[in-house]
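Student: I have a structure I would like to understand better, so I am pasting it below and will then ask my questions one at a time.
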Amino acid sequence: MAPPPEQPIPAKPEKASKPERASKPGKGPQQSKPSRTTRIRRAYKKLPQPLKIVLGGLGTLLMIGLLILGIRLVMLLLVVMLEIPWVASGVLLGLFLILLLPSNGWTNYGAYLFLIGAVVSAFLDVPDNPIYNAPFEKLFLNEGEYLSGSAVVEKPSQGETVISGENVIVNTDGNKIREINDFLTFLYRLAVYSVIYGALITLRGFLPKMKTTPTSAS
């Protein structure tokens, strides 16, 4: 007998594929808020042109006024420094100490600070102070004579003002006895400030250096 024909195996039904989920849109980089300066600029650009002109003119006048006021204050400070003892010495010494803080002793910065500080201080500190003047009076003046300084304000032309210092010798009552060579007093003050600033820079070299904390970018 012939074998029965093979019956075909039924194919398995294919499983329905699951629908793909819609991918969520990725989050972009968070936009940082504009700074206050940026917001002010944007607000200024939105102003009408006539208002911009008015504000620009007022701003220019304000800057000129502040500049004139600053010049007058500097001239007033110079007059006070050239006439009143201790003022120039205190201002110059305080400024030198502030500039000395980032130094580390006798480095390049310290050397430049020493040279510039000594020359500028000797030039500006005309009246000096009784402590600084005591060695000079002991060496070069007679008993009862004292070194004093005053400011000389000259106006060679309209709108021009020249302020200079003058060294004089006075008695106990403050009356002028005679004038003295300004170059001699300049050299003396240069020597005094060289000793003071040199000692301060040397002392600064033994102290720990100021550390600046770097700001980490967020």
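Positions of Cβ are set from backbone N, Cα and C atoms, glycine also.
All TrEMBL annotations are machine predictions without curation.
Look at TrEMBL and you will find 1-11 tagged as compositional bias 'Pro residues'. Taken from TrEMBL, the feature compositional bias 'Basic and acidic residues' covers 12-23. Per TrEMBL, the feature region 'Disordered' maps to 1-38. Here TrEMBL flags 51-78, 84-102, 109-126, 186-207 as transmembrane segment.
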Student: Which residues, given as numbers and ranges, are at least 6 beyond the ends of the transmembrane segment (109-126) yet have a Cβ under 8 Å from it?
Tutor: 78, 81-82, 88-89, 92, 96, 99-100, 102-103, 132, 149-151, 165-167, 185-187, 189-190, 192-194, 197-198, 201, 204-205
Student: Residues sitting near the transmembrane segment (84-102): Cβ under 8 Å, six or more positions beyond its termini, same chain?
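Tutor: Same-chain residues near the transmembrane segment (84-102) but 6 or more away: 77, 109-110, 113, 117, 120-121, 124-130, 132, 149, 193, 196-197, 200-201, 204, 210.
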